[in-house]
């Protein structure tokens with residue numbers, strides 16, 4: 001399935017990000033822990049001008065914990081510092097400031113040597129739509145300054161936010177990139193809500209998702225939809241027809257597909273991660 005979504009406000013935001021990167025010390029890239037690699041925006045690294053990046057894997061409470069740890073280790077091997085948290089719970093949020101200081105330790109030490117007692121870290125917060133970026137920002141600054149919403153494309157403007165004494169954060173709109181090189185990325189981002197529901201067909205997304213769940217999380221399909229061992233052997237398209245009728249939707253296959261997508265987003269299918277760690281990195 002080919003999904004493309006790159007409206008005008010995203011092109012404008014990309015230009016603004018590039019212009020303002022010169023003023024920042026660090027890039028905080030927020031990704032969805034269920035799609036930690038697929039929700040990394042390749043444009044950020046291209047625009048990043050070699051700025052250090054701290055990858056924040058949000059919604060970790062909805063992701064497969066084993067895979068989350070595997071991805072943290074994989075990113076480390078790639079030279080990227082990553083931490084996992086859930087923005088809805090404040091307990092781990094102080095990690096962001098602590099790890100940011102560790103990443104910039106040398107730069108901060110030089111500033112202190114010049115007589116700056118409490119050097120401030122200026123960080124740009126970036127992320128694809130609906131990864132919880134604004135929620136993290138609001139909790140860090142302890143105010144509802146950044147606009148939030150459970151749909152892509154809520155934050156439209158860029159704004160600086162002060163988080164305590166050591167962090168100044170620049171909020172930016174959620175930005176996708178013009179073309180997905182791997183077509184499965186579109187399906188993954190659609191299932192997790194990073195792409196507007198208006199631009200994809202739900203059965204394409206659910207066919208991909210069912211194949212993934214059949215291979216990696218079959219017990220969750222069995223628990224939620226009473227899928228039998230024999231039905232797990234069926235192609236995803238056939239399974240959609242079976243489950244549509246089982247749920248009393250007759251032949252309204254789209255109705256089942258929309259339900260499946262909502263069930264996945266709301267955590268009713270349990271914890272899952274759609275990005276599989278490469279064998280050579282696991």
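Start at 1 and count along the chain as shown; that gives each residue its number.
Every residue, even glycine, has its Cβ placed from backbone N, Cα and C.
Keep in mind that this is a model prediction, so the values were computed, not measured.
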According to TrEMBL, which candidate in 174, 186, 248 joins 58, 59, 60, 61, 130, 131, 132, 133, 134, 135 at the GTP site: 174
Other C-beta atoms that fall within 10 angstroms of the C-beta of residue 130 (GTP binding site): 25
Most distant Cα pair in Å, residues 58, 59, 60, 61, 130, 131, 132, 133, 134, 135, 174 binding GTP: 21
Chain-internal residues near residue 58 (GTP binding site), provided their CB is under 8 angstroms and they sit 6+ positions away: 30, 31, 32, 33, 85, 86, 87, 131, 132, 133, 135, 136
